[in-house]
């Protein structure tokens, strides 16, 4: 924000809506995603008065929440505004995803007039009861802070608290604003530092954790580093790279941390994902006697159905606010601070690098298929690899797109986005939309399956509306392939669509979206060429492949996850 005080002065006299707008801008929000509804219309008017905020309309509340989630990936924080119950209930899905993925999204919901609280009135958009607190109570379960403004005098304190918690905890928060409250006067905002003051480490515990950890690491034969998904949200990527350079050991990354460490780095050892690992990463982790796990989270998905977990005895675990080493835990130690300080005390040890060079595959290049042969996944990956550059951000949706994305080698500064913890199919389309608004200079490319696309296709219309040149590769194999591999059944077959035609239908005579259907390598290459030239709107390339064409990694992963899901109850 150019001048926080200027933004405050622009809002005189201050109302609650104006106050919220100023605080959003001070927190770093430049765009807010909205679906209008009668309980939030007055608030939307107030937000529009702020010159530092731009309103972005969404097609529905699920997409609105996911668009804000994607914006938070690019911008560091996001906000979305919906109406009561019929809007917020739908948005809760995406907010749950933001919580799972450590993304600070501020969910703002209008709500009934305060005069109706405690009255005998039954209102629309409610459950048909006289208790209107249920949405606030629900929001508390999926946010790190939830506030409901019932008295204008409380608004500044409650708004500040919620936004500050979002920034500190990197989790979503909820702010409920009754329809008659947004225009009520309140105190003017104070300094931005009241909400943006960063958290700091406990210096005593930090030093103790670093000293003990350095002694242990320096006494080991083959230390390695493992990058986890929390590095990005908690701004620890640079500190992690600093430690990697100081220790000079092999570095593997979890699948949901791809691009958080440069793949061009000489010590990069690939993706650690059990039998779905790349470049021999599983071996280098399993052979290590000291694994520094930085910002890692192990779930059934990221551990390949619990089949790939680092040996606990060899793990030094660095979480976002604590370090666990040799059965000792040091709280109040921030991830970034610990990595930065540890880098000063470790000794270089390239034993794991020397060992890794002996097992690293010589080449990952995929041979070119006959241009006229039926299209397959390998040829799609080969051609997308040539499309990716340092300005690219690659989104991979839940499904076989994950495994295809892992095979893409990222040049330095390229980014990779995945939603592995929440795992909502269709997430990538609205999230990429929000990301493109937050990072307009990035080239956004999406891998999405046909079943996933059917969940959230409406947001393509907003890409058309805002002339966003997002390129989407829709892998059409006529079904939910990821679920087929976990547990097959007739419910995994879906109705085929003419996806290319649907995308162009969103133009309605005035947009610039393009849709292509391709069935071989030659057609795919031509579609990519035209997609690169289309700078005024989205391009969807429908890649038709055989229904049985899926990666062997997905088959293995699906088997392991299915086995974990099907484990019988413990005997009493």
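The backbone N, Cα and C atoms fix where each Cβ goes, and this holds for glycine too.
Lifted from Swiss-Prot, the feature list:
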| type | residues | note |
| --- | --- | --- |
| BINDING | 38, 125, 483 | substrate binding site |
| REGION | 400-482 | region 'Thiamine pyrophosphate binding' |
| BINDING | 450, 477, 479 | Mg(2+) binding site |
> For residue 38 (substrate binding site), what is the tally of other C-beta atoms lying within 10 angstroms of its C-beta?
Replying inline: 12
>> For the substrate binding site, please report the maximum Cα-Cα distance among 38, 125, 483 in Å.
In response: 39
> Which of 450, 483 has the fewest nearby Cβ atoms, counting only those within 10 Å, among these binding-site residues?
Replying inline: 483
> Reported as an integer number of Å, what is the Cα distance between residue 125 (substrate binding site) and residue 450 (Mg(2+) binding site)?
Replying inline: 33
>> Please list the DSSP helix, strand and coil residue counts for the region 'Thiamine pyrophosphate binding' (400-482).
In response: 36 helix, 17 strand, 30 coil
>> According to DSSP, collapsed to three classes, what secondary structure does residue 38 (substrate binding site) have?
In response: coil
>> Just to verify a number: CA distance, residue 477 (Mg(2+) binding site) to residue 483 (substrate binding site), in angstrom, no decimals.
In response: 13
> If one measures from the C-alpha of residue 483 (substrate binding site) to the C-alpha of residue 450 (Mg(2+) binding site), what distance in angstrom results, rounded to a whole number?
Replying inline: 13
>> Is it possible to get the count of other C-beta atoms within 10 angstroms of the C-beta of residue 125 (substrate binding site)?
In response: 18
>> Under a three-state reading of DSSP, tell me whether residue 125 (substrate binding site) is helix, strand or coil.
In response: coil
>> Let me check the 10 A CB neighbour count of residue 477 (Mg(2+) binding site). How many other CB atoms are there?
In response: 21
> Roughly how many angstrom lie between the C-alpha atoms of residue 450 (Mg(2+) binding site) and residue 38 (substrate binding site)?
Replying inline: 34
> Should residue 483 (substrate binding site) be counted as helix, strand, or coil on the basis of DSSP?
Replying inline: helix
